[in-house]
Amino acid sequence: MESPAFSKPLKDKINPWGPLIIMGILVRAGASVQRDSPHQVFNVTWKITNLMTGQTANATSLLGTMTDTFPKLYFDLCDLVGDNWDDPEPDIGDGCRSPGGRKRTRLYDFYVCPGHTVLTGCGGPREGYCGKWGCETTGQAYWKPSSSWDLISLKRGNTPKGQGPCFDSSVGSGSIQGATPGGRCNPLVLEFTDAGKRASWDAPKTWGLRLYRSTGADPVTLFSLTRQVLNVGPRVPIGPNPVITEQLPPSQPVQIMLPRPPRPPPSGAASMVPGAPPPSQQPGTGDRLLNLVEGAYQALNLTSPDKTQECWLCLVSGPPYYEGVAVLGTYSNHTSAPANCSVTSQHKLTLSEVTGQGLCIGAVPKTHQALCNTTQKTSDGSYYLASPAGTIWACSTGLTPCLSTTVLNLTTDYCVLVELWPKVTYHSPNYVYGQFGKKTKYKREPVSLTLALLLGGLTMGGIAAGVGTGTTALVATKQFEQLQAAIHTDLGALEKSVSALEKSLTSLSEVVLQNRRGLDLLFLKEGGLCAALKKECCFYADHTGVVRDSMAKLRERLNQRQKLFESGQGWFEGLFNRSPWFTTLISTIMGPLIVLLLILLFGPCILNRLVQFVKDRISVVQALVLTQQYHQLKSIDPEEVESRE
């Protein structure tokens, strides 16, 4: 992969294996150093400044990538001019000092000439870079000046009617209808051209603006356009090298102590303020590795309990340490950069192993179409696609939580939605026991199952898709989040270790170079140490700047992933993460509360049914008792009696 230029000039070299050591560290870290990710979100500020007065006419900030942060800039012509033009004329008056001058200013056309690329004969700042006709590239004039190569276009906005808007409402003219703050009645709109969106804005660029008058000299003002990108400066460590001190063995399990009832303070004793809790210590290497394996076991045990009756989970000690599983998911669409994607990071990590089939976006080449179950094309427009919680976009330019459709439409970049899993292998007990037994015959190499194959799709499928259908789904999702937190902690510790090694190597190289200079002085008569050793090439190439940049970028990306993970956590899940006693209390009283609620809901109905049933049975018994005590009289038909008579 492509690497940036060396951060320092070439120096004398005493150790030719230095670059190889640095490359080994980079491979160990699993990071590849390239140019900035095109999907990286920055805080970009565009500033328009009057070069004659130094005042800022407009300062607009927005979040976005370096490809689509080119907004329309709105400001007033009088913000560029100030109180007076450089050479006021009688028909212009005092420029923008008075309402009449502001009103007369908007009656004139204007034209703009670039100062960043001055054509022959266009003059300098005194002429506003408009020394002759044909130098103008944009403006608002009857001949419609335009250009195909300039970076901006500047036109008038919606110019208000009447003289009211030219009066300043803040200095006693508020009673005048239409008065505005500052009396701004010459609105301008600055837009970036296609050439401006492709240009480099590393330094300010200058233009000259002139009012067009039929007679006399055209007044001039100069302005600059600057792009400022918020960036995080380098972190400078203070203290001992933490590489060795961080290699701690696994900590012993903490014995749980039952809380004791508080004792009342003795009479007359002064009230004691409890001290602040001790700061939490960062886990050592042993704890981090055990957390990864323990998180893998908990997630596997809740999803496939039959596989964890007796098994061995082994953490792979060589790279790659992580692998990706392509998944299908529903991403969120944002018109502006989300807050969890606004962390300024300039690096990218790559995955050397991606399996499965999932959601792909962009122009996927034929060599990688096997990873795509569904391929979506991005539509026109500028918006951002944020990956669901627990997933990340694996692009041809690196890993990123957010995608910019502007970048996808302008480049050949493509991305796959993946889950990130640690490289943990699953082995049956027979395989592990066989490694320690004495065998004369060996079976063929067994197939190693990794955690990604066993749990792939846990975020977007299976359990996570069934959230709300039962407690098992919630618990399993919780275990998956614990595993993701362990992965994040391990990556952060890996970044810190490599950064400390890089600084140690830099210190060592400085000592070696000092020794080299001393040897050159000793062998000065022979032409220096290189000539005395009869070596043709004796230079030291410092590659530590590459490692330093890579680690700074890795640290910032981890912060970005942490914010994305926290933003994707629901309120119900966060409720149980606040304190352990709250979780225990809820799980203890949840059962009785549910039973009590069911009794209150269905108890009255069941009781009424029971009372009605008892009443019916009692009425039947009463009827039987009355029937036995009385005899029914025989009914006589009157017709039959008459017939007898």
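Quick reminder: no glycine exception, Cβ is built from N, Cα and C everywhere.
Looking at the stretches 217-237, 322-342, 490-510, the one that Swiss-Prot records under the feature coiled coil is 490-510. It is Cys135 that, of the disulfide-bonded residues Cys135, Cys311, has its Cβ surrounded by the most other Cβ atoms within 10 Å. All protein chains shown were included, and the count of other CB atoms within 10 Å of the CB of Cys372 (disulfide bond) stands at 17.
Of all the disulfide-bonded residues listed here (Cys113, Cys360, Cys402), it is Cys360 whose C-beta has the fewest other C-beta atoms within 10 angstroms. Same-chain residues lying 6+ beyond the ends of the motif 'CXXC' (311-314) with a Cβ under 8 Å from its Cβ atoms: 293, 296-297, 300, 424-429, 431-432, 451. Cα of Asn58 (N-linked glycosylation site) to Cα of Cys530 (disulfide bond): a distance of 58 Å. Nothing from the recorded positions Asn301, Cys360, Cys372, Cys395, Cys402, Asn409 places its Cα within 10 Å of the Cα belonging to Cys135 (disulfide bond). Each of the disulfide-bonded residues Cys314, Cys395 was scored by how many other Cβ atoms lie within 10 Å of its Cβ, and the smallest score goes to Cys314.
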